[in-house]
Structure formats: structure tokens, C-alpha cells
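Visitor: Found this in Swiss-Prot, in case it helps:
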type	residues	note
BINDING	C270, C273, C305, E312	[4Fe-4S] cluster binding site
Amino acid sequence: MKPVYIIQRRKSKQVFVGDVAIGGDAPISVQSMTNTETTDVKATVAQIQAIQNAGADLVRVSVPTIDAAEAFKIIKKQVNIPLISDIHFDYKIALKVAEYGADCLRINPGNIGREDRIREVVAAAIDHNIPIRIGVNAGSLEKDLQKKYTEPTPEAMVESAFRQIDILDKLNFDNFKISLKASEIFMTVFAYQQLASQIDNPLHLGITEAGSLRFGTIKSSIGLGLLLSEGIGDTIRISLASDPVDEVRVGFDILKSLNLRSKGVNLIACPSCSRQKFDVIKIVNELESRLEGITAPIDVAVIGCVVNGPGEAKAVSVGLIGGEPNLLYLDGKTHSKITNENLVNELEAQVRNRLKSP
């Protein structure tokens, strides 16, 4: 089925985090962040690998101390995905991790300090040919901006970003991306809209401290959905109080829903009602669990009755319609009858077979 609407993305410059392009005509990348103690090398490496296996393009690692920087050096050698170092307060840590192989340096304008410190961070980024992310957060704005605006506002966040941009411009450094994050949806959206109209550097999107898996997913989907639908955004991170792997899955689901990036199974399912001829909810949950590891794009429909079933099944690669009997559709055409006892096994087999077909 052809999309009704194709989002026209904002034109932006391109930077590279490791071998991952961000901005320009590159796909919108999905990233997450470790929540282990960085000094626990084994646990951090394991979590990075889990995030990577979930499909993430990039991983951010907090580096709060020199000891964590030393651990980062070891971690970097044990993984094969670009790592972004998250730096707050101590600019000297940024200098260390740049030397140790960081693929990008995230600095917070609210706490990184004076211009001379930023100059040193930029010099390190130039020496090692890595980008910087200017990561503005509503909760940690510069003290004078807090006093000027009395509370976080989109305008305060944009002003914070431009202070850093002006410094980087003076240094002829253009290898950077920017984020403007708040936990309030419209503050975040308005800040990004203002900034996006004034610069062409790539933008990292996120609703910070969005909350639990359920509510954080809802907030992030609304906030990022508004921006992405306007073509704003080049890389995303879904901030959830949950397993980082969940962040990756939600991120790709948002992009998939907007037809911005296809990855994994797009599972279409009815909410079920008394007309259903099999337990739709049970079948969908089990099928989704079994197909979770698939990264190749494929559309699958599970519809419990014949009201909308035929129309949905004709538009996907694998479709199931509840009836007497149930019908299996492949590539929009009726393929076979299928009993309730074997629904999940048959659907899983057909999905995997379709992905193997040339």
C-alpha cells in the first residue's frame, strides 16, 4: 500500500558518529544510553551489546569521573558500535575520552563551564575528528538564564544553544549536532521548531525524563511525532525509566509508524470484539514475542473477523483473517485455510519464509 503522505525532511548538514551518518540524506538513526555503572566494564559491555542487538545505531555512555573514563577506554575496545561519551561538569573528562576513542562528545552548556574550557573540548574534537553534541536540557540551564527567564522556556533553551553555537562558529568548528530537551512536550517541540528555522545543523530529538515505559512511550511518541511529521529530526533517543532495549524498540516503532524508517515487523492487529474467531490478543502477543528479533521490514496483519480482514490482508505480506474457516493470505492473495490450533506456528513460519524468499 502506498503511503498517503510522505514527510519531507528538513535539509541539514551531515556529521558522522563513527561510521553512522547523521543528517543530510541519512536515515534517522536510533540510539539509547547505558544505565550501568560505567566502571563496571563487564556489565556495561553486556548492555551495549544488548542495545546493539536490538537494532540501535549508536550508544551513549555516561562518563562522570576519570575512573569512568579509564573504564570507557576498555569498553570501547570490546564493542563494535559507535559510542557517544556523555560529559557533564568536568571538561577534562571530555579530553580524556576523545583520546580514548569516543566517537562523539556530548556536552551540557548548563554545566560545562567557561568558554576557554569549550575551546579545549573543541580542540580535542578537531584533533580526533569527532563531532560534538550541544545537549541543552531545561532542567540544567545556565544560572543567568534561569534568572533571566525565571523558569525554563523554549526561548531560554534556544538562547543556551546559540551561546554554544556562537563559540563554535568563532572557532570555525561546524562538526556538531544539537538537542533541546525538556520533560514537557510542548516546551520541547517549540524549542526545536524555533532552532530548526534558524540553523541547518543536524538535530538530536528526545523528550528527556519522559517517565515509565508506558507513559514515557506515550509522551515521546506525541512529542517526537509532532516534530518528525514536520521533517525535524536526524537522530532520536527515547528516554524511558526502563530497559534501554525498550528505548530502541519504541524509537523504531515511532519511525516505522511515520514511514520514516522500516525495520522489523509492522504488526497490524484489530482490538478484538465478540466477532473474533480466535483469541486475537493472545495470538498477537505471542507472535510479536516470537518475531521480536527480526530486523528486516515486513508487514503482517492479524484480524479476528471478516469485517476489515480482507482489506487489511490484501495490503500486507502475511495476513490472517478470522472466519469459518480462518484464511491465510500471502502477498495479498488467499493462500490456505488455517485452524485455530496452529495459528502462531503457521504465521511465524510464513513470516520467516517470506523473509528468506528472493
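Note: Cβ is positioned from N, Cα and C throughout, glycine not excepted.
Walk me through where these features lie, including what they touch and how far apart they are.
Guide: Less than 8 angstroms from the CB of C273 ([4Fe-4S] cluster binding site) sit G304, C305, each of them six or more residues away in the same chain.
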Visitor: An 8 Å radius from the center of the C270, C273, C305, E312 Cβ atoms defines the neighbourhood of the [4Fe-4S] cluster site; name the other residues of that chain inside it, in order.
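Guide: Going along the sequence, the neighbours appear as P271, S272, R275, Q276, V280, I303, G304, V307, N308, G309, G322.
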Visitor: Looking only at DSSP and grouping its letters into three states, which state does E312 ([4Fe-4S] cluster binding site) belong to?
Guide: helix
Visitor: Look up C273 ([4Fe-4S] cluster binding site) in the DSSP assignment and report helix, strand or coil.
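Guide: Looking at the DSSP assignment, C273 ([4Fe-4S] cluster binding site) belongs to neither helix nor strand, so coil.
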